[in-house]
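Report on the following structure.
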Amino acid sequence: MKSDNQSFSGDPPKAFILLGVSDRPWLELPLFVVLLLSYVLAVLGNVAIILASQLDPQLHSPMYTFLSHLSFLDLCYTTTTVPQMLVNMGSSQKTISYGGCTVQYAVFHWLGCTECILLAAMALDRYVAICEPLHYAVLMHRALCQQLVALAWLSGFGNSFVQVVLTVQLPFCGRQVLNNFFCEVPAMIKLSCADTAVNDATLAVLVAFFVLVPLALILLSYGFIARAVLRIQSSKGRHKAFGTCSSHLMVVSLFYLPAIYMYLQPPSSYSQEQGKFISLFYSIITPTLNPFIYTLRNKDVKGALRRLLARIWRLCGR
């Protein structure tokens, strides 16, 4: 007879227990408040940028097309994980079903890889705008932007599909406790009771490709941008060019630094205790900060948001 914490290796568990900060009960309430406020800010900020980018004619350019997709992606990012975390922190049963866990890490992985490609596309857009300004309208035409966005979403989905196919085949031998806030591929591999060499190698190769190749393209683009900006004679022109790129560089840093630490370290040195807090950072803090980074440092976005608020105010006043 099987006990509650045992099952045959071929039978997946019906649910997983997400520990979160159960070992630190005093931290649950403050973290719940921080997550709730961050989620509300992330939703409001990203929805505002999506609406402004779609409704304001002054933001109908490739840069803001990419930005609206980034905001939609961040909105999905937080919605994939945060509501479940809030429910678990507010109840004594900190569980997620096997199917729900699979969907969560599949979507989370899809969105993460998509963002890598999307950030590289945004860097390409800034490179053309600053280094080839006279040819910008010809090079960054609408069809190319749509193709780059489609490439980002489809390649991210393809990578996620491979990871999910490999991960759902892993046996867990009755292990149900995930030392994490939500389901993630590295945590699932760590939980398995089987030989995970194939999963580790596949994850390392694919993530290295999706992280390092776009990052190399971003750094190369900004190397050319820096050289072009330093050649600008007027200090006002240099300041404007650097200001245009600084927001994107901040977003790239907030996204890539945790991702590199999380996914590009050897599996043997992976620490679930550290990993779960890093996952928390790029699943909620980064998507919350992104809209404010782009808004505070971009006059066009600030102007569009003011016009959007004025339009909403007029509609409400009727």
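Glycine is no exception: its Cβ is also placed from the backbone N, Cα and C atoms.
In TrEMBL, annotation is done automatically, which means it is predicted and not curated.
In TrEMBL this protein carries:
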DOMAIN    45-294  domain 'G-protein coupled receptors family 1 profile'
TRANSMEM  29-52  transmembrane segment
TRANSMEM  64-87  transmembrane segment
TRANSMEM  107-128  transmembrane segment
TRANSMEM  148-172  transmembrane segment
TRANSMEM  205-230  transmembrane segment
TRANSMEM  242-264  transmembrane segment
TRANSMEM  276-296  transmembrane segment
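The transmembrane segment (242-264) and the transmembrane segment (107-128) are in contact, since at least 3 Cβ pairs between them lie under 8 Å (pairs 6 or more apart in sequence). Model confidence over the domain 'G-protein coupled receptors family 1 profile' (45-294) is summarised by a mean pLDDT of 85. For the transmembrane segment (107-128), the list of distant contacts is 62-63, 66-67, 69-70, 73, 76-77, 80-81, 135-136, 139-140, 145, 148-149, 151-153, 155-157, 159-160, 163-164, 182-185, 207, 210-211, 213-215, 217-218, 221-222, 224-225, 244-245, 248, 251-252, 255-256, 259, 283: same-chain residues at least six beyond its ends, Cβ to Cβ under 8 Å.
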